[in-house]
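The following feature annotations were taken from TrEMBL:
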type	residues	note
REPEAT	124-158	repeat 'PPR'
REPEAT	225-259	repeat 'PPR'
REPEAT	260-294	repeat 'PPR'
REPEAT	295-329	repeat 'PPR'
REPEAT	330-364	repeat 'PPR'
REPEAT	397-431	repeat 'PPR'
REPEAT	502-536	repeat 'PPR'
REPEAT	537-571	repeat 'PPR'
Amino acid sequence: MLWRYKGRVLPSLKKICILKSSSACNIFSSPMICLSMNDKTHQFFSRENLKVFLTPQIVHSTLLNCRSDLIALSFFIWCAKQHNYFHDKQAFDYMVSVVARLTNRYKTVKGIVKELESVGLITKAQTFLLLLRIYWRGGMFSMVFETFEEMGSVGFKPNTFAHNVVMDVLLKIGHVDAGIKVLKEMEFPNFLSFSILLSNLCKLNDLVNIKDVLQIMLTQGYYPNVETFEMVLNCFCKVGRLLEAYQVLGAMVIRGISLSVNAWSMLIDGFCRLHQPDIASFLLEKMVQSGCSPNIVTYTALFKGFIEARMITGAFGILNTMESVGYVPDLLLCNVLIDSLSKIGRYDDALDLFLGMSKWNLVPDCYTFSSLLSTICSSRRFNLLPKLVRGLVVEADLVVCNSLLNYSCKAGFPNFAVELYNDMIDKGFQPDNYSFVGLIRGLCGIRRVNEAVNVYLGMVMNYSGLDAHVHTSIIDGLMKNDKCHIAIKLLRTAISEKYPLDVVSYTVAIRGLFKSGRTAEAFALYNHMKEVGLSPNKRTYNIMLYGFCVERDVKMVNMLLREIIKSGVQLDCSTFLRLTNFLFKSHLSSSSFNQLIKLWNLLVMRNEVMHLLLFDGLTNNVKSGDANNSLLKGYLEDNLFVDSSSSDELPDLAASVC
């Protein structure tokens, strides 16, 4: 049902590209036949008493044979009005190109509607809704907004579906606050409204808004289904917020939702990422006890977690358990294991695993080859490389070439790397950003700095698609070679030329500036990064805090603490230790101490560790007459830090919800 509409809810947005660039040539290459004034085709589908049995096949065939795009759109709208008929995806996909051509011809939604009226189609709310859906499906986002506004200007009130579409588009183009505002102002939001919003927020890892939207959803009586819960659970696990993930898990259990193998695997992988394989292993036991069988993905995550924690015996025990219940390692698991073993220096185990792949009837691929290259180069067993190349029946692709390029530089053969790069070009390979990064890092790693700079400048001159990773690699390489002035010069050029830079690019430069004693420039670059819309990440904050702690600048440290608490970013425990020590030695104020407590609440840290830190600060850094002495003792004696969500109680919490 649609009602008369008077207000507007869309924010003021700049026009964006009407058509997807990738499909523009196909859209505009098709000829368009204009509908003549004496054409009677539209009468076929406008007769009120005409009985037609519509099927998706008939509709699609008719659309293909329409003499003009305008007739096709009129017929499409007419079909949608027929009782118990609904267009399928194929029809909507076809209409994307039709409406795109009409948009190019008539320029505006108003112009298209006027032409539809000229061939006898009465404009109704459904006309706008169908156009809205077509534009949405075709990624023509500016036209979605125009259709929504035009719908209201002619007196129709957009319904929940229309608001859902607009909300989805706003989130997709990064206007999160505007999208949430649409939800809050929506008269009749439905389950799909919340699902669309949560899906987009999870893709953005917007944890704060995810919590708020979930609260609104539950308040209005809508309960997430299994897919929505798992989507949110996965988001929290990916960013290491396991406490929030457990809250989601508890909500699922309370509502009687059975945990799927996906949900369990997400949690297990999350704890493995936090280097807590013991808790992950505990969850595996609870998973089996609940009647849910682990799959190959579950075992892969757990195996990798144990390997990265250097718990080799436990890792191979998991592999034995997996085989005992009938699971055979797949190629992905083997590639992960070879790579993981290599990274922790277990080169013999990595090679043995590779040699044992045949017993599982697994054929190595290019990624296996790349992982073995890492193993051979890291172990400096370069004599094995010819045997590996001869023994593998793998056609060298760009991935393999990039790996050879990268590891030949690391192995100390930059001349071979340059020859290989030239050989790639001669053989017709189109180098990508990984090729460029591998070459630059290798050259910088062996202190061929001038050559690396020349290569980079040549790339900038000849390739327009360089990504932030390439620009970051030269800045990082120069900084590590104590060429800070050259690195900053290249960074400033990249900024002025508007090359793609990300938070890692700025963070690497900030670290180099601090290392060179150029603190004021580091802070200026930090502010510039925020001005261009890049939010500092954990690594950025760690470096900034470390730099100002070294400078003993209490004012700047306190300012950064306020920013970190507001952003909700979790600091590394080592940074927290350094910060605690610095603040105690600087005779921290009560406000600084409160900030320290808030920071601790963001960390996944055992209460005993926190108490030890405070006690150490109390005994070693605070004078007996210090006013903060009583403050610290009060916090410790009242045990205000003990929280049921602390990481030392996670196993008990897991048991309580499983």
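The backbone N, Cα and C atoms fix where each Cβ goes, glycine too.
In TrEMBL, annotation is done automatically, which means it is predicted and not curated.
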Going by DSSP, how much of the repeat 'PPR' (225-259) is helix, how much is strand and how much is coil, in residues?
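Final tally across the stretch: 26 helix, 0 strand, 9 coil.
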Counting each residue once, how many in the repeat 'PPR' (260-294) are helix, strand and coil under DSSP?
26 helix, 0 strand, 9 coil
On the DSSP side of things, how many residues of the repeat 'PPR' (502-536) fall into helix, strand and coil, could you say?
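Split into helix, strand and coil, the repeat 'PPR' (502-536) gives 26 helix, 0 strand, 9 coil.
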Pull the DSSP breakdown for the repeat 'PPR' (537-571) and write it out as helix, strand, coil residue counts.
27 helix, 0 strand, 8 coil
Do you know the DSSP helix, strand and coil residue counts for the repeat 'PPR' (330-364)?
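Computed counts for the repeat 'PPR' (330-364) are 27 helix, 0 strand, 8 coil.
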Averaged across the repeat 'PPR' (537-571), what pLDDT does the model get? Just tell me the whole number, please.
84
What is the number of residues in the repeat 'PPR' (295-329) that are helix, strand and coil, as DSSP sees it?
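For the repeat 'PPR' (295-329), the helix, strand and coil counts are 26 helix, 0 strand, 9 coil.
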